[in-house]
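Engineer: Quick one: the structure is below, questions incoming.
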Amino acid sequence: MSTARTENPVIMGLSSQNGQLRGPVKPTGGPGGGGTQTQQQMNQLKNTNTINNGTQQQAQSMTTTIKPGDDWKKTLKLPPKDLRIKTSDVTSTKGNEFEDYCLKRELLMGIFEMGWEKPSPIQEESIPIALSGRDILARAKNGTGKSGAYLIPLLERLDLKKDNIQAMVIVPTRELALQVSQICIQVSKHMGGAKVMATTGGTNLRDDIMRLDDTVHVVIATPGRILDLIKKGVAKVDHVQMIVLDEADKLLSQDFVQIMEDIILTLPKNRQILLYSATFPLSVQKFMNSHLQKPYEINLMEELTLKGVTQYYAYVTERQKVHCLNTLFSRLQINQSIIFCNSSQRVELLAKKISQLGYSCFYIHAKMRQEHRNRVFHDFRNGLCRNLVCTDLFTRGIDIQAVNVVINFDFPKLAETYLHRIGRSGRFGHLGLAINLITYDDRFNLKSIEEQLGTEIKPIPSNIDKSLYVAEYHSEPVEDEKP
């Protein structure tokens, strides 16, 4: 029976007959991306939000045992090395090391335990400038380490002796807020006192008000909720020294721009503003001219699409789409896939069809209750299902590195939407596949998007070379490696 898991997370047809269902997917971590998460961590975030990093007592005792001169790196619990092939999107660096930035040892410990070995290009450009206190306007591709680029200097500049809010990260979606806050918590876990709070719409406002009675150093929020808390006098932002706008193009679109203007007006005049996005339309330029002071501009966008993502299209009629999808499922070696539809109704209908075909499937869209969205997001991220059907809710910043295939079941109308959709695969320089089901009515949009993005979307071949999107890799425990 294919009932939508909206009462229990949205899961469709987990059956042993499904050819893709070969046990849980192993999530992987990458610099600036998400890393692995457990449901226990999700519950901790959901129930406490203001977090004294659950592990900090352990972390403090750990840091106190390290004496000057000790090789502190030997105490680290490093994840297995990710030996997958990476593209120049993340490997084309200047050769810097995280130690070159004179970061606190406790912060370095968190960085290395995330599996972040060396800074990516956006991190190399961003970290030293952000540490100097200068405003930044940064363009970088999706999935190249933007989160680490701003979280590392943000955490380094915290004064843990003070008990006020010192930094804010504003993101456009609730799922992205939870993801960024979890990364922040993990990176800062050895800092012994860094308190991170995630606050988003769709959660209990009273709980957030109570949490703000305690010490909070970093707030990661969606725009409407944090403005509400500021106006109520609960979130006191008169000591905020840094504000980050992640996915700035979305935050400064018509939906949010007035809210963002109102938030900025509540902050101290000498605050530092960091803007990060893959695209910067006119609205971002206008905001920059009004609020940023001599910003340092970073542009790592020689081309818009990720080098590791191969793009194909298949011409179909509307009635042929499900059959074509079934063929793709049977022929592709999918680790995890994200399938995009253009409406919530079509998401649910397609998820039901996929279930009937015998494949495991979650679905998620903006009309679902927040707690159900949270469960679907974290269950999919933890590899409990191979396929996720969704709307464009899932296009912004979401980092699930096990995803190697993105399918546009419904082709988008805007180049910006297309860019963010296909950026869900090929994360952090890895390989991925984007397949577009194109109807007669989509043909002009296809041509237009190719021209706007300066990319080539090829006709799908009868056989797709697995080396384009399947990462055959082996992870070995770090302690087994020889110097």
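Using N, Cα and C of the backbone, Cβ positions are placed for all residues, glycine too.
Feature list, courtesy of Swiss-Prot:
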type    : residues                                                       : note
BINDING : ALA140, LYS141, ASN142, GLY143, THR144, GLY145, LYS146, SER147 : ATP binding site
MOD_RES : THR36                                                          : phosphothreonine
REGION  : 1-40                                                           : region 'Disordered'
REGION  : 307-483                                                        : region 'RecA-like domain 2'
MOTIF   : 246-249                                                        : motif 'DEAD box'
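How buried are the listed features, and what sits near them?
Structural biologist: Following the DSSP three-state reduction, the secondary structure of GLY145 (ATP binding site) is coil. GLY145 (ATP binding site) counts 27 other C-beta atoms within 10 Å of its own C-beta, drawing on all protein chains shown.
If you look at the motif 'DEAD box' (246-249), the same-chain residues 6 or more away from its ends with a CB under 8 A from one of its CBs are 146-147, 150, 169-172, 176, 180, 275-281, 283-284, 287, 396-397, 416.
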Engineer: Out of LYS141, LYS146, which of the binding-site residues is least crowded by other Cβ atoms within 10 Å?
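Structural biologist: Checked LYS141, LYS146; of these binding-site residues, fewest Cβ neighbours within 10 Å: LYS141.
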Engineer: Please name the residue among the binding-site residues ALA140, GLY143, THR144, SER147 whose C-beta has the most neighbouring C-beta atoms within 10 angstroms.
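Structural biologist: Comparing the binding-site residues ALA140, GLY143, THR144, SER147, the most crowded Cβ belongs to GLY143.
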Engineer: If you average per-residue pLDDT over the motif 'DEAD box' (246-249), what number do you get?
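Structural biologist: The predicted confidence over the motif 'DEAD box' (246-249), as a mean pLDDT, is 88.
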